[in-house]
Amino acid sequence: MIDIVDQIDFSLSTWIRTNLHNPRLNRILSKINRGEVFLLILLPFLYLKNDLPIVWYWVLLFTGLVTYTNDRFVLFLKKLIARKRPLITVAGKVDSNPDMKHSFPSAHAANSMTAVLILVLLFKFSPALILISFLAGVGRLLSLHHFVSDVIGGWMIGTIFGFFGLFLGSALLRFCCS
């Protein structure tokens with residue numbers, strides 16, 4: 001089964017490299033596909049949302065803490081698995097950066113899914129926000145930082161942590177706001 005996934009990953013990454021990957025797109029994606037950009041987009045919506053069950057900065061703190069916990073777990077998995085990125089295995093890039101051998105799972109996909117699910121399911125933000133997580137994953141594929149299975153794995157882990165945040169947050173809201 002793993003061999004089949006590896007073959008699919010390699011084939012799709014090779015196709016992306018041949019048909020879609022270019023340095024300019026890579027520079028653009030590396031600038032916009034960051035947590036800081038997501039935060040800058042989110043802050044005005046968070047501040048202006050008037051139907052939050054608690055003050056906006058507590059929403060930000062709770063979502064950030066659960067997402068940070070997810071990020072540490074993903075980092076542990078990356079170090080444990082140490083799968084080389086497509087930039088090395090497909091594009092042949094030589095890079096001494098140790099992060100270049102940590103591809104699985106995608107932290108961008110996992111973290112964005114965790115944050116978005118908490119905001120949508122617990123704090124009733126628009127489900128359209130899930131598009132941000134989708135774009136984060138696709139951006140990592142187009143820049144050849146991840147294989148498809150890395151992104152899907154990241155989304156799956158992010159979903160687990162997102163639901164953990166939903167249940168923990170629901171319990172905390174019942175405790176403090178009832």
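The backbone N, Cα and C atoms fix where each Cβ goes, and this holds for glycine too.
Taken from TrEMBL, the feature transmembrane segment applies to 54-75, 116-139, 151-173. Among the features that TrEMBL reports, domain 'Phosphatidic acid phosphatase type 2/haloperoxidase' is placed at 60-166.
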Mean per-residue pLDDT computed across the domain 'Phosphatidic acid phosphatase type 2/haloperoxidase' (60-166): 88
Counts of helix, strand and coil residues, the domain 'Phosphatidic acid phosphatase type 2/haloperoxidase' (60-166), according to DSSP: 81 helix, 0 strand, 26 coil
